[in-house]
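Copied over from TrEMBL:
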DOMAIN    1-408  domain 'Major facilitator superfamily (MFS) profile'
TRANSMEM  12-33  transmembrane segment
TRANSMEM  39-60  transmembrane segment
TRANSMEM  72-90  transmembrane segment
TRANSMEM  96-119  transmembrane segment
TRANSMEM  140-159  transmembrane segment
TRANSMEM  171-193  transmembrane segment
TRANSMEM  223-241  transmembrane segment
TRANSMEM  261-281  transmembrane segment
TRANSMEM  293-313  transmembrane segment
TRANSMEM  386-405  transmembrane segment
REGION    406-427  region 'Disordered'
Amino acid sequence: MNKQQLCKRYGIHLGLTMFAAMLLLPILTPYLLAQGFVVSQIAIAMVIMSAVIIVSEVPSGALADHFGRRRLFCCSLIFALLTNLLLLVATDFITLLIAVSCWGLNQATLSGTLNAWFVERFKEAEGEQTLNQGFASAYGLAYGIGASSAVLSALFLAFGNQLGLSTLQMYQLIFIVSSIGFVLLLPLTFHWVKELKTPSEHSFKQALNHHVGATIKTVRQPALAKLLIALVIVIPVSASIEKFWPIFVHQLEQVDMDAVAWLFPAVMAATFALNGVAAVLSAKLCTLLNQKLGQAMAVAHLLKLVALVAMALAPGLNWFVAALLLFFLCFGLTQPAQLQLQHQLCDNSVRATIESLGSLTTRMGGMLGAALTGALLNLVSLPVSWLLLGALSLLGIVLLLSPSLNQPEQPEDKETTTETAPADVSA
């Protein structure tokens, strides 16, 4: 299998995973409200989910590195299925907390699995594509498939009442379809993702001790440390907008949230489609900047801030939504460059763990964004809080311009990576 074929297969698989997840993500909050939960209970549940992710993120990456990426990914599908089933029957707070804990485990075991597998297979495959071009190709296809699920969700919510269904019944049907998707992904993963772990000569405890040492050594690299710190600083504004823009729409239009329920999956669908475009544009941007990946990320984040200013000054809904989509397009430009830079700075033995660590860093930035927004809302309006978080992200952009984050990948790095785990993956 050459690199182009691998990217296509991985893009389809990743897209189907997104399809199942993105059917229900836009309607989760209104579904929980329809189930009788109040905003404070939902907020506590989200905090619990985040805590589970933070505790489980890096250990799950270590498990993926030791036992195999495919096994951990299949575990994430099982946790996703449990989440859906528990949410379908959740009418009390305890069941909700169990459901979001499963969701947290799903997210923790999802990160650092197949991305790491893809990088290893990509380096072994024939072809001339760079890694960021490979990620751009795979993610472009995946986002297109993911966008289609959000479109279907929006259309179903907009016209499902003509079938005599209540809003709650439509939400429940979406959960059922999503669950079927996760079930079907299990055999597809075993068929498409071929991985062979060599028998370990050490116990898991010994392997884990060695693994922790290798991870710490990798993270101590100045370049990787700067990248992770930069992510913590630039993510808060994006996380705040992602979480709170529906509230801003409600304040802007002063309408009942049920009246614009279709807008939320519609915007997510458009965002996914634009992320597919952004993945392709990102590869071209990296080529234009001679593979200086930190600079490519910095340019994308600066463009994101321009869109942020347009959002904050939006006089109406149409202007705001247009600026919001531009914001997410610019944010999508950063992903392929970030993924290549992350994997360029580590080898196969800790690849999944570093992937999980990057995901954990992003989630910590997200929690920081939510916390800072909550604190700032006691003093200023929501748009002003976004502008202040945008100003904070300038510090992260400066870090991304560091020379250590703008070095081309060395040829010997590719050889070393391939030699580290030649038997990990079979064709």
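Heads up, residue numbers simply count up from 1 along the chain you see.
Heads up, the Cβ atoms here are built off N, Cα and C, so glycines get one too.
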Leading stretch by Cβ pairs under 8 Å, where the reference is the transmembrane segment (223-241) and the options are 171-193, 293-313, 386-405: 386-405
Contact check, the transmembrane segment (96-119) vs the transmembrane segment (386-405), 3+ Cβ pairs under 8 Å, seq sep 6+: no
The transmembrane segment (72-90) in contact with the transmembrane segment (261-281), cutoff 8 A, at least 3 CB pairs, sep 6+: no
Beyond the flanks of the transmembrane segment (39-60) by at least 6 residues, Cβ under 8 Å: 29, 32-33, 72, 93, 96-97, 100-101, 103-105, 107-109, 111-112, 215, 353, 356-357, 359-360, 363-364, 366-367
Long-range Cβ neighbours of the transmembrane segment (261-281) (under 8 Å; 6 or more residues past either end): 18, 22, 25-27, 30, 135-137, 139-144, 146-151, 153-154, 157-158, 167, 246, 249, 321, 324-325, 328-333, 335-336
Overall pLDDT for the domain 'Major facilitator superfamily (MFS) profile' (1-408), taken as the rounded mean: 82
